[in-house]
Amino acid sequence: PVYDWFFHEPFHSIFLGVTTSLSLFSNGLLLYIVATTQSTHIGPYRYLLAVFAACDVTTAIGHAAVQPVSNFYMHLTPTGFYFFPRHAENIIITESFDTVFCLFFIATYYQTFLILAYHFIYRYKTVTSGVSRSFTDGWSMRHWVWTGIVVYVLYIAGFVGICAIAFTPTDNSRYHRTNVPSEILDIYGIDLSDQRTGFTVISVKQWDSSLGSWEVHLPSILGLVLLLSLFGGTASAIVFCIYKTNAAIRSSDNHLTAKTRKMQMGLFRALLIQTAIPCLFSYAPLATTLVFPAVSGISLGAFGNVLFSITAIFPSIDAFFVLYFIARFRTAVIRLFRLPINTSVSSS
């Protein structure tokens, strides 16, 4: 395809190197500022910011891990997609290293959605503290931390488990020439029929040799529904908290002073902007790759690589928006790098 330069050398290495370096720098800077800057009005929220920065780093490392030129190929088919990394053909025990690495990347990639939901839940509980009644009113920090850890483990285990059961290679998805697009070997030079080559695949329809026709592939459909349900759960929590938090801040019946109301609105808007980045550079490409081929029956082929490469952008720039929109952090960055900017307005 005419856009193959986007996922081939040298552009691929340059793009991956820039996004990974930016992610390490921006999130490392955020972690440093969180650790060294005192800001009483942020409170325990600083720990969530630190966790989010750490997740962005692991996501960036997932894009670039193991070999200097790794990343993945995402080839869209009329019934789903093939997802395979560009590593050497190695076997771990009895499983292809590439398949294991795909599952590792899935664990780092999808954690972002859950951590964002944590942010919105925290903002909602902070704004409505002492106003609305909830069974969590008596919870200490320890209760919240352990609940967050348990939910995180179950959420990530659910994603990885579903993908491991429903989307890892089978004889039908690896060997059958009707199911495996021939252009994969032509474009990428990768033979998926080789047992040492691993991948994950979603195919809502597969060719049944015994019937001589395309048949619905129930494992892929069920797995896709479960994945979208997990993702929809975090999205529902975010939408609910956005509605409730906005209503609580603007309500004239709450306990907030004018100064606190302004501060909470500022943090709320910063969180909305922080969420807009993965929505644009992660959720939209993800929704396209998961849903569009299965629903439309149209093959976008190698264009899936362009969509997938876009998802490497948000971990590299997300932290910059947090550093900018939280005034105390913005001032700390200005002073750290001795930028010629007046910090009196920012400090106030």
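Using N, Cα and C of the backbone, Cβ positions are placed for all residues, glycine too.
All annotation found in TrEMBL is predicted automatically rather than curated by experts.
If you check TrEMBL, you get these features:
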TRANSMEM  12-35  transmembrane segment
TRANSMEM  47-66  transmembrane segment
TRANSMEM  103-122  transmembrane segment
TRANSMEM  143-167  transmembrane segment
TRANSMEM  221-245  transmembrane segment
TRANSMEM  266-286  transmembrane segment
TRANSMEM  306-327  transmembrane segment
Return the stretch with the most CB pairs under 8 A relative to the transmembrane segment (221-245), choosing among 12-35, 103-122, 266-286, 306-327. 103-122
In the same chain, which residue numbers or ranges, 6 or more beyond the ends of the transmembrane segment (47-66), come under 8 angstroms Cβ to Cβ? 16-17, 19-20, 23-24, 27-28, 30-31, 34-35, 87, 101, 104-105, 108-109, 111-112, 115-116, 118-119, 122, 312, 314-316, 318-319, 322
Between the transmembrane segment (266-286) and the transmembrane segment (143-167), are there at least three Cβ pairs closer than 8 Å, leaving out pairs fewer than 6 positions apart? no
